[in-house]
Amino acid sequence: MKFVDEASILVVAGDGGNGCVSFRREKYIPKGGPDGGDGGDGGDVWLEADENLNTLIDYRFEKSFRAERGQNGASRDCTGKRGKDVTIKVPVGTRVIDQGTGETMGDMTKHGQRLLVAKGGWHGLGNTRFKSSVNRTPRQKTNGTPGDKRDLLLELMLLADVGMLGMPNAGKSTFIRAVSAAKPKVADYPFTTLVPSLGVVRMDSEKSFVVADIPGLIEGAAEGAGLGIRFLKHLERCRVLLHLIDIDPIDGSDPVENARIIIGELEKYSQDLAAKPRWLVFNKIDLMDKTEAEEKAKSIAEALGWEGKYYLISAASQLGVKDLCWDVMTFIIENPIAQAEEAKQPEKVEFMWDDYHRQQLDEVAAEAEDEEWDDDWDEDDEEGVEFIYKR
């Protein structure tokens, strides 16, 4: 299945149903008073995280989602039916952005998590709501309010503990094949990896971590060179980055300059990502003598001003790979993810009263004090039905 990590969709919540103007008319009850019911609330639009999905490709074709409109009120104090909600399922790890405001509405990081992205309109009030001692035959009602309408950008970001970055052909795909069951394509030409991939590294029956492999970066990626930096977002949730350096590039390039290019592109993309823990890993040491590899790795680290520990491995022959994985596992155990407070999800509104409708009634009450209401029981009233529309 094609990997799609971005999609734009339009979500439109349902409008609220209009209130009804009606009067009770039954045999022997000629003046029964108002009995117009309220409209129904409009349906909401929700997003729900689903661990069984791993791409946003469905939303490249289906881009518009509309909830149902609330039904209008009816006579006999009948309230209109509430509009049906719409639930859109997205992969776990999806970030939701309102393109109109640039606001990040939420991150879908857990299976079953729900996020309200468009609220349905409030229902309108029937004329029963406007009756009073001075207005016994109210001919006012309110219309339902429009539902929310948003253009959303969905960004899928992989959930991994460890992220790998480096130049093309640094050996990232070979590494993930060596430590997990993932089988990304491996070849002797640049940009073999075109989409991100995940692998689960199992150290024993109880300990494991997830590693993410993204396409290689080249100089100018921040300006769109190569595959650009669009895949760097998949590393934002990683706890540690493994910076793989080809210790002896086949194209004769300078490993020090290659490493500086990667660091520079990280800083251009995000200071937060550049500040994440980053480990230096020299790959392909099997292509030279052990002593020569150690001396070259030391000189590269010194040229980069690297003061921490670094690793020498060969992903192809798995030399030094196991020790690196155990150190990563230890780091993950010692640095658990901070348990951020979960944002409270908006509860489903069961309407009883709200500021909008209270304002409508207050306005009518104020008018009643300033004007002498006509008691419209006279049969010769030819003014017809009076409507007051409020938005």
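Cβ coordinates come from backbone N, Cα and C, glycine included.
Marked as domain 'Obg' by Swiss-Prot on the basis of sequence analysis: 1-159. Feature annotation from Swiss-Prot assigns region 'Disordered' to 127-147. Under the heading compositional bias 'Polar residues', Swiss-Prot lists 129-145. The domain 'OBG-type G' annotation in Swiss-Prot covers 160-333. The feature GTP binding site is assigned by Swiss-Prot to 166-173, 191-195, 213-216, 283-286, 314-316, with sequence analysis given as support. Annotation source Swiss-Prot lists Mg(2+) binding site at SER173, THR193, citing sequence analysis.
The DSSP breakdown of the region 'Disordered' (127-147), given as helix, strand and coil counts, is 4 helix, 0 strand, 17 coil.
Of all Cβ atoms in the shown protein chains, 30 besides its own fall within 10 Å of the Cβ of LYS172 (GTP binding site).
Here the CA atom of SER173 (Mg(2+) binding site) lies 13 Å from the CA atom of LYS284 (GTP binding site). Taken together, the residues of the domain 'Obg' (1-159) have an average pLDDT of 87. Here the Cβ of SER314 (GTP binding site) has 21 other Cβ atoms within 10 Å, regardless of which shown protein chain they belong to.
Under the DSSP three-state reduction, SER173 (Mg(2+) binding site) is assigned to helix. Of all the Cβ atoms in the protein chains shown, 22 others lie within 10 Å of the Cβ of ASN169 (GTP binding site). Cα of SER173 (Mg(2+) binding site) to Cα of SER314 (GTP binding site): a distance of 12 Å.
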